[in-house]
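Trainee: Relevant sequence annotations retrieved from TrEMBL are reproduced here:
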| type | residues | note |
| --- | --- | --- |
| DOMAIN | 552-602 | domain 'Cationic amino acid transporter C-terminal' |
| REGION | 422-441 | region 'Disordered' |
| REGION | 629-653 | region 'Disordered' |
| TRANSMEM | 36-58 | transmembrane segment |
| TRANSMEM | 70-90 | transmembrane segment |
| TRANSMEM | 102-123 | transmembrane segment |
| TRANSMEM | 197-217 | transmembrane segment |
| TRANSMEM | 229-251 | transmembrane segment |
| TRANSMEM | 272-296 | transmembrane segment |
| TRANSMEM | 316-338 | transmembrane segment |
| TRANSMEM | 391-412 | transmembrane segment |
| TRANSMEM | 489-510 | transmembrane segment |
| TRANSMEM | 522-542 | transmembrane segment |
| TRANSMEM | 554-573 | transmembrane segment |
| TRANSMEM | 579-600 | transmembrane segment |
Amino acid sequence: MARWLPRSADLTRFCQKLNRVKTLEDDMMETSFNRCLSTIDLTLLGIGGMVGSGLYVLTGTVAKEIAGPAVIVSFIIAGFASLLAALCYAEFGARVPKTGSAYMFTYVSVGEIWAFLIGWNVLLEYMIGGAAVARAWSGYLDSIFNHKIKNFTETHIGTWQVPFLAHYPDFLAAGILLVATAFISFGAKVSSWLNHVFSAISMGVILFILIMGFILAQPKNWSAQEGGFAPYGLSGIMAGTATCFYAFVGFDVIAASSEEARNPQRAVPRAIAFSLGLATGAYILVSMVLTLMVPWHTLNPDSALADAFYRRGYSWAGFLVAAGSICAMNTVLLSNLFSLPRIVYAMAEDGLFFQVFSRVHPRTQVPVIGIVVFGVLMALLALIFDLEALVQFLSIGTLLAYTFVAASIIVLRFQQQKVDVPAQPAGRQPSPEPSDGPAAGELKEYESFSDKLQLVDGDKSKEQREPGQLKAAFEPYLEFLSDFYPGEVVTVAVVTLMVSAICLCSILVFGNTHLHLPTWSYSLLLVLFSLGFLLSLLLIWAHEQQRNTQTFQIPLVPLSPALSIVLNIYLMLKLNYMTWLRFAIWLMLGLLVYFGYGIWHSKENLREPKPQRVSARYVVFPSSSLEETVQAVQPSPQPAVGLPDADTEESKR
């Protein structure tokens with residue numbers, strides 16, 4: 001029975017495979033894509049991804065069904081939480097200018113299986129985002145023609161009464177996705193030009209909405225007679241915040257496009273900051289205008305803005321808003337279809353997904369196969385699924401990606417930075433130079449016992465300490481932490497921080513409602529988990545971090561990423577249980593793909609050295625001196641020559 005159990009060495013090797021990180025190329029600017037996008041291109045791409053879908057869809061839905069006029073506060077909180085996540089994306093996009101977004105960022109810092117799961121969820125995020133916007137695009141176009149398209153479909157094809165499915169098949173939404181897929185296949189320049197045109201029209205429509213909306217505003221629509229400003233209370237505001245995250249996924253498009261930026265170190269952070277600031281301001285002002293024009297409880301969730309102008313007697317304005325919103329949603333479709341194949345390409349290029357998706361067309365320099373396949377899948381989603389179910393499912397994938405990227409920032413910031421050793425010219429041998437230790441900036445692996453002794457007994461009085469090492473000011477109080485490898489304590493503290501954040505947010509969300517905890521236990525658990533979170537944060541802060549002034553760095557690390565982690569986890573727990581159930585099913589499918597294909601075809605497998613048979617002995621002599629004897633037993637290339645056994649070695653000794 002025991003022989004069927006896996007050995008500890010095999011389990012250790014298996015866990016190392018799951019948590020191996022990606023090895024980056026020496027020249028990260030080298031790519032098979034066309035680096036043709038400027039800062040303006042990336043900014044408009046981000047604005048197009050954010051302004052359109054949420055502005056014309058979620059404002060009415062959240063205001064009527066979740067938060068009321070307090071949807072303004074929901075957008076403010078969602079914008080702040082998105083800002084924390086956006087700063088993390090900006091730092092990673094500048095340091096690692098490769099396509100893949102959250103997947104790539106997690107792969108280079110946390111580990112392979114976590115990166116795959118994040119990439120797997122990002123795929124679903126983009127597919128759902130594009131499908132939801134396509135259905136909203138179809139609804140707005142249908143409203144211009146007095147819902148004749150909907151009535152024709154229901155009469156001649158029929159309706160469905162199935163949960164989470166649409167009431168009728170939306171062929172118009174599927175058709176626009178297929179048309180957009182065709183345009184994206186022509187290359188990044190064509191996609192960028194189309195996005196510029198639609199973004200300009202969208203911003204003109206937003207200015208018109210704000211000017212006309214404030215002219216028609218009636219403050220009485222926020223009065224107590226209409227239900228007040230926050231009819232659903234704080235719980236409604238926070239629930240609305242979780243849903244409003246759908247509006248801010250556009251800045252992720254910028255990070256996914258960093259491999260096609262001319263100067264990603266400067267363009268990516270600037271584009272993320274500009275696009276997120278403009279989008280947040282637009283959401284807040286449009287939500288204010290919408291709830292002031294008509295009472296919030298009378299809004300039409302399907303086409304709230306256009307319907308509000310119709311009801312105020314400005315039918316021509318409603319027609320203009322509906323036509324402009326269609327152009328705005330076109331930018332969202334383009335940004336989703338632009339980014340999704342590039343995430344798939346990054347996963348396939350690393351060997352974690354099917355290799356067919358890593359092929360780049362030589363003329364257009366885009367992954368055409370990925371664009372076509374996932375464009376068709378997105379069209380199928382838009383054809384049969386319900387918009388509300390899609391939006392709820394989208395939020396959890398986005399929040400999970402934000403959480404892992406924030407954790408990756410902390411881990412990467414406290415890791416030793418690898419410095420590549422310049423190659424020697426051909427025919428020259430490196431001249432040996434005396435040195436007391438490893439070269440400056442060179443990574444050294446402390447694998448043997450003697451190396452660890454040297455690390456512990458090394459010069460602790462150096463002013464310049466490596467990233468991940470304990471700060472000199474804390475060494476007298478936390479001397480026992482000096483025995484760990486650089487960055488090891490930080491990694492454990494990050495895991496503890498995330499566990500504490502999950503427990504803390506669970507008590508806040510479910511303590512009084514589902515768990516029915518008494519007041520004393522509720523308060524005690526809040527204090528305990530808050531202390532665990534703060535102690536983990538202080539422990540991380542007590543270590544040295546990388547100081548890199550060449551690229552953008554998020555300020556106040558580890559505080560800023562830690563706040564992002566807490567906000568994201570809290571908002572995830574506010575989503576309903578069916579969203580979590582569908583999310584768990586999707587994760588299980590992802591694990592099947594990873595263990596069935598990804599782990600065996602990963603390119604990091606090729607870089608792993610073959611295991612060698614090594615045995616080590618530690619002998620303590622009576623003189624209290626410590627000596628390590630390492631006997632490396634290599635497999636003999638000659639089959640006739642056997643390996644000496646342990647008794648022979650002892651006799652020789």
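In case you wondered, yes, glycine gets a Cβ from its N, Cα and C as well.
Are these features on the surface or tucked inside, and what are their neighbours?
Mentor: Sequence-distant neighbours of the transmembrane segment (36-58) (same chain, 6+ residues past either end, Cβ-Cβ under 8 Å): 129, 132-133, 136, 140, 188-189, 192, 195-196, 198-199, 202-203, 206, 243-244, 246-254, 257, 260-263, 266-268, 270-272, 274-276, 278-279, 282-283, 286, 303-305, 325, 328-332, 334-336, 338, 387, 391.
Only residues 6 or more beyond the boundaries of the transmembrane segment (70-90), in the same chain, are considered here, and those with a CB under 8 A from a CB of the stretch are 59, 62-63, 101-102, 105, 229-232, 236-238, 240-241, 243-245, 247-248, 251-252, 254-255, 268-269, 272-273, 276, 279-280, 283-284, 287-288, 291, 402, 405-406, 408-409, 552, 554-555, 560-561, 563-564, 567-568, 571.
Same-chain residues lying 6+ beyond the ends of the transmembrane segment (102-123) with a Cβ under 8 Å from its Cβ atoms: 17-22, 24, 88-89, 92, 96, 252, 255, 340, 343-344, 346-347, 350, 352-353, 374, 397, 400-402, 404-405, 407-409, 411-412, 415, 586-587, 590-591, 593-594, 598-599, 602, 604.
Long-range contacts of the transmembrane segment (197-217) within its own chain (CB-CB distance under 8 A, at least 6 residues past either end) are made by residues 44, 47-48, 51-52, 55, 282, 285-286, 289-290, 292-293, 305, 309, 312, 314, 317, 320-321, 324-325, 327-328, 330-331, 334.
With a threshold of 8 Å between CB atoms, the same-chain residues lying at least 6 positions outside the transmembrane segment (229-251) that come near it are 45-51, 53-55, 58, 61-62, 66-71, 73-75, 77-79, 81-82, 86, 89, 125, 129, 132, 222, 272, 275-276, 279-280, 283, 296, 332, 335, 391-392, 394-395, 398-399, 570-572, 574-575.
Sequence-distant neighbours of the transmembrane segment (316-338) (same chain, 6+ residues past either end, Cβ-Cβ under 8 Å): 45-49, 51-53, 55-56, 126, 129-130, 133-134, 136-137, 140-141, 143-144, 176-177, 180-181, 183-184, 188, 191, 194-195, 198-199, 201-202, 204-206, 208-209, 212, 250, 253, 256-257, 303, 305-310, 371, 374-375, 378.
Long-range contacts of the transmembrane segment (391-412) within its own chain (CB-CB distance under 8 A, at least 6 residues past either end) are made by residues 57-58, 61, 81-82, 84-85, 88-89, 91-92, 101-102, 105-106, 108-110, 114, 118, 121-122, 124-125, 128-129, 132, 242-243, 245-246, 249, 252, 487, 490-491, 494, 498, 540, 546, 554, 557-558, 561-562, 564-565, 568-569, 571-572, 575-576, 578-580, 582-583.
Within the chain, the transmembrane segment (522-542) has long-range Cβ neighbours (under 8 A, six or more residues past its boundaries) at 410, 414, 470-471, 474, 478, 489-490, 493-494, 496-497, 499-501, 503-504, 507-508, 511-512, 558-559, 562, 566.
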Trainee: By a Cβ-Cβ criterion of under 8 Å, what residues six or more beyond either terminus of the transmembrane segment (579-600) are in contact with it?
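Mentor: Sequence-remote neighbours of the transmembrane segment (579-600) are 17-18, 112-113, 116-117, 120-121, 124, 347, 351-354, 392-393, 395-397.
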Trainee: Which sequence positions outside the transmembrane segment (554-573), separated from its termini by at least 6 residues, show Cβ-Cβ distances below 8 Å to it?
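Mentor: 80-81, 84-85, 87-88, 90-91, 238, 241-242, 245, 395-396, 399-400, 402-403, 406-407, 409-410, 413, 497-498, 501-502, 504-506, 508-510, 533, 537, 540-541, 545.
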Trainee: Where does the mean pLDDT land for the domain 'Cationic amino acid transporter C-terminal' (552-602)?
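Mentor: Mean model confidence (pLDDT) across the domain 'Cationic amino acid transporter C-terminal' (552-602) is 89.
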Trainee: If you run through the domain 'Cationic amino acid transporter C-terminal' (552-602) with DSSP, how many residues end up as helix, strand and coil?
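Mentor: Here the numbers are 40 helix, 0 strand, 11 coil.
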